[in-house]
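*Asks:* Here TrEMBL flags 28-141 as domain 'Fructose-1-6-bisphosphatase class I N-terminal'. If you look up TrEMBL, you'll see E64, D81, L83 marked as Mg(2+) 1 binding site. Annotated Mg(2+) 2 binding site per TrEMBL: D81, D84, E225, in sequence order. TrEMBL lists D84, G85, S86, S87, Y189, K219 with the feature substrate binding site. Feature annotation from TrEMBL assigns domain 'Fructose-1-6-bisphosphatase class 1 C-terminal' to 155-276.
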Amino acid sequence: MVGEILDAVARTAPEVRAGLPGRRAYGDEENPSGERRLAADEYADSLLEERLLALDSVGSYASEEQSGVVDDDGEYHVACDPLDGSSNLKSNNAMGTIVGVYDEPLPAGGRSLVASAFVLFGPITTMTVARDGTVTEYLLEDGERTAVTEDLALPDDPVVYGFGGRVPDWPADFAGYVESVEQELKLRYGGAMIADVNQVLTYGGIFAYPALDSAPAGKLRLQFEGNPIAHIVETAGGASSDGERSLLDVEPTDLHQRVPVHVGNESLIDRLEAALS
Ligand code: F6P
């Protein structure tokens, strides 16, 4: 049943991608987090909502684009970021779709995730899935999902880092940590979380959208971004943190709550937590 949800995402995301070229303009509305919505955000959200709620196993659908949860009858609750990194559409850079499949009603803690996935619209379309304790990368092509990397694991020796937010807005303890990381790793930041995290999954390293002086909870949302990406990185042998604890242990209080996100090799996350303590 979880499989049919992942299959629906694997079929729908390429359709979302195919519909992007004519939908680069901003509409008049904002999403519940106060960000301007593109025609593409609305399109991706309504297509995913329709396809996922059509499944018997889906008991509710929630997305970054809607203020409330849409309820139905079914065992699983799906939280979706229909177009992660959608501001990259204007500059034609990488972006994609994230889903978290929870067995508790939303908002739910990360330990209730039974599967998480992201579809990356890069030069090729791939889908990375964490399920049953293992991470698999699939190639999505001609309506087929083909496994290309099984038991995906973070490389032991980290190579890249990418941190969001304006540098003068970083709290002093985080800025101090960055100074040490910069001595060891190479900067890679593209402005779409899943694309930046995929660099970390591929080469090893750390991605963060940290707490900012102007926004102590950071930018990214726990249900739609923090939890699913932490689930994928932790299942691939890495670690996640809100600064103090695994993102999967952060208490869910609100559907659209934000959380500082740090994910990557365990040694780098341990050092981060020591620097922020
Ligand atoms: O809204 C989420 C998002 O697009 C993430 O995918 C990305 O990591 C972040 O925002 C980029 O934000 P900024 O434009 O501040 O670098």
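Here the Cβ of each residue, glycine as well, is placed from N, Cα and C on the backbone.
Situate these features within the shown structure.
*Replies:* Across the domain 'Fructose-1-6-bisphosphatase class I N-terminal' (28-141), mean pLDDT in this model comes to 96.
In sequence order, S63, E64, T97, I98, V99, R221, F224, E225 are the residues near D81 (Mg(2+) 1 binding site), counting only same-chain partners six or more apart with C-beta under 8 A. When secondary structure is read from DSSP and collapsed to three states, D81 (Mg(2+) 1 binding site) falls in the strand class.
Every protein chain considered, the tally of other Cβ atoms within 10 Å of the Cβ of D84 (Mg(2+) 2 binding site) stands at 28.
Its own atom aside, the Cβ of G85 (substrate binding site) has 21 Cβ atoms within 10 angstroms in the protein chains shown.
Note on the domain 'Fructose-1-6-bisphosphatase class 1 C-terminal' (155-276): DSSP counts are 53 helix, 20 strand, 49 coil.
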*Asks:* If you check the binding-site residues E64, D81, L83, D84, G85, Y189 one by one, which have a CB less than 6 Å away from any atom of ligand 1?
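*Replies:* The binding-site residues passing the 6 Å Cβ test are D84, G85.
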*Asks:* Fewest other CB within 10 angstroms, which one of the binding-site residues E64, L83, S87, K219?
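*Replies:* Taking E64, L83, S87, K219 as the binding-site residues, the minimal 10 Å Cβ count falls on S87.
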*Asks:* Taking the mean position of the Cβ atoms of E64, D81, L83 as the Mg(2+) 1 site, which residues outside that list, in the same chain, have a Cβ no more than 8 Å away, listed in sequence order?
*Replies:* D41, A44, D45, S63, E65, C80, P82, D84, S86, T97, I98, F224, E225
*Asks:* Measure from the Cβ of S86 (substrate binding site) and count the other Cβ atoms within 10 Å, all protein chains considered.
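*Replies:* For S86 (substrate binding site), the count of other Cβ atoms within 10 Å is 26.
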